[in-house]
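Read the structure below first, then the notes.
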């Protein structure tokens, strides 16, 4: 329960927290990326071992250089559900082991210890249960070290699990929206198009109706209320309907101005920051589901 008491300490905490929290979030994201890489490597190794047992792959075909090893993992993308299952099992094991330590030392029940593990590992921190607050413990140094290790591992697993669950929620929402779009009866669609046949709409918006959540596409504009009166659409509506194309064009112009095209070569794959530092940016094209719907 240590908190800053002086004005200088509080100001230092604000600036230090900006760098410290950002670095911690980056560490958790890179932890998840390395976990996905390890799972992909295990999948590739198991597949090669099965091929060697069947005699399809020769036994002398071992690892090559480091670049070829990284490139060979590009096609091995584990499913997001497998990653979520592994993180769930790891979080449960860490929580159960930590609860077995907290119950006799802190005097809590096992359920309260599990509750504390989830609140602490998810960084919710209600403060109703706080560990290591007594003046003396048996083997106090060892207990505090174990407390640090369990909280560190638990936060890594729970934070990564939250990121993976967010991808599953996104997949579920896209699936529900697709089902709702497909189950619209033909009679309602005919009435809808008959009532809107004179509406001035950009061609790109009319052709693209199933736009994903990521593109922030605009399906309707201010021109919906106008009829075919010979009036042209405004530049604002044109830019809104072609938002994705303009973003791609702007990216290409920026790369041309910098003097290099952005290609997926071996040098860019070694750069951990080339694909972004956010959780979804780091996991982009690393899982089977994120490489399909993007």
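Heads up, the Cβ atoms here are built off N, Cα and C, so glycines get one too.
Here TrEMBL gives transmembrane segment for one range in the set 80-101, 168-189: that range is 80-101. Residue ranges 12-43, 44-75 are listed, and TrEMBL annotates 12-43 among them as transmembrane segment.
Residue counts for the domain 'Potassium channel' (85-170) under DSSP, split into helix (H, G, I), strand (E, B) and coil, are 65 helix, 0 strand, 21 coil.
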